Amino acid sequence: MAEAAAAGASGETMAALVAAEGSLGPAGWSAGRSFSNYRPFEPQTLGFSPSWRLTSFSGMKGUGCKVPQETLLKLLEGLTRPALQPPLTSGLVGGQEETVQEGGLSTRPGPGSAFPSLSIGMDSCVIPLRHGGLSLVQTTDFFYPLVEDPYMMGRIACANVLSDLYAMGITECDNMLMLLSVSQSMSEKEREKVTPLMIKGFRDAAEEGGTAVTGGQTVVNPWIIIGGVATVVCQQNEFIMPDSAVVGDVLVLTKPLGTQVAANAHQWLDNPEKWNKIKMVVSREEVELAYQEAMFNMATLNRTAAGLMHTFNAHAATDITGFGILGHSQNLAKQQKNEVSFVIHNLPIIAKMAAISKASGRFGLLQGTSAETSGGLLICLPREQAARFCSEIKSSKYGEGHQAWIVGIVEKGNRTARIIDKPRVIEVLPRGASAAAAAAPDNSNAASEPSS
């Protein structure tokens, strides 16, 4: 009975918060660059057959390539440091015990012990440096193509790498490296045409983020792979550790879900067997628009949201990628110093993607387990700040393309996360109807690069 009453109270709380948030609709394109003149990629502009597909050079897509979460936890047990080894921490930083996240491992000094204990945690590492009260924050990510446009694939890959820094409220990146694998199945012509476009997309996104690509590694491999490393040295007040959520906080999401569904559905347009399973719930035009919406969202940096985390006193955050919103919420909940749990009530989803997920019997979108690529930030904000954050991020002064929704609350609990049985689905309408029809400059040499 007590549990039911608590659930009811949570529902009322969410209704009030959503009412305070105001408009739930999308608000345009990405900051720094406009996608309004984007023209859908056509392989013919590169001298390829109309049936040419970038995604044919890999067997998996985007962040869907991640090792399943439970399997990953077991594999990473091998990184646990033996008790006799010296600790990774360097003592106290700013009068507080420093939390170190090493390659997705959270390290905190164990109770009653001089040595840190290890647990699976977040994606960035935060390493206190020996001098000057500075910390090294570093992250790496790579994946396989999930869109057909090589230039946009490069942008998405870079945005995805930077997102781990942004999830910690870091807005500046000192350096990036690019990791690139060129498919050995490609012809020489394909390599010469496609590879420079992917590199240009990656570089342009890095420059939009105020950083530069200074090196990396390029190899030949059966599948195309693209990603990189992002590094920054910063003071403690420049980042927000993801461990300070408190009861009463509100969960805010800054990009809609459904990117992986949209990417797969777009490929199913050429696969009659799979298309027949979903054609009763979605039209070809709706799939094309959803795919374009997903692509633009994935290519949008989370940098503005990272800056606003400081303005509105965020307590913790993570980015939503390969483990879906539920998996990443659970990871974030495990990091919390306080005894709290996250409860998700609302799921902003690209229009029609929930219907496709149901009709296909795949993805688990409504269950929160569908992989996302270069997804939004899930941020724990003080309740009184959440609606203001959602309003502020849509301001034209940050450029176009940013949006946010209140999706859940932080309750007293045991560091877990869950989605309620019947979450409210917020259908996010694609913004690309006019963009798809707009005339774009000649892209025969630059593929479908967005305009500046």
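One is the number of the first residue shown, and numbering goes on along the chain from there.
Quick reminder: no glycine exception, Cβ is built from N, Cα and C everywhere.
Per Swiss-Prot, the features are as follows:
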| type | residues | note |
| --- | --- | --- |
| ACT_SITE | UNK63 | active site |
| BINDING | LYS66, GLY121, MET122, ASP123, ASP141, ASP164, GLY215, GLY216, GLN217, THR218 | ATP binding site |
| BINDING | ASP123, ASP164, ASP319 | Mg(2+) binding site |
| MOD_RES | SER49 | phosphoserine |
| REGION | 86-111 | region 'Disordered' |
| SITE | LYS66 | site 'Important for catalytic activity' |
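Features recorded in Swiss-Prot, as mapped to the structure shown.
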residue : record              : Cβ neighbours (10 Å)
SER49   : phosphoserine       : 8
ASP141  : ATP binding site    : 25
ASP164  : Mg(2+) binding site : 24
GLY215  : ATP binding site    : 10
GLN217  : ATP binding site    : 11
ASP319  : Mg(2+) binding site : 31
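Cα distances from ASP164 (Mg(2+) binding site) to the recorded positions SER49, ASP141, GLY215, GLN217 are smallest for ASP141. Nearest by CA distance to ASP319 (Mg(2+) binding site), out of the recorded positions SER49, ASP141, GLY215, GLN217, is ASP141. For the recorded site, SER49 (phosphoserine), the DSSP three-state label reads coil. Put simply, ASP141 (ATP binding site) is 31 Å from SER49 (phosphoserine) when counted between their Cα atoms.
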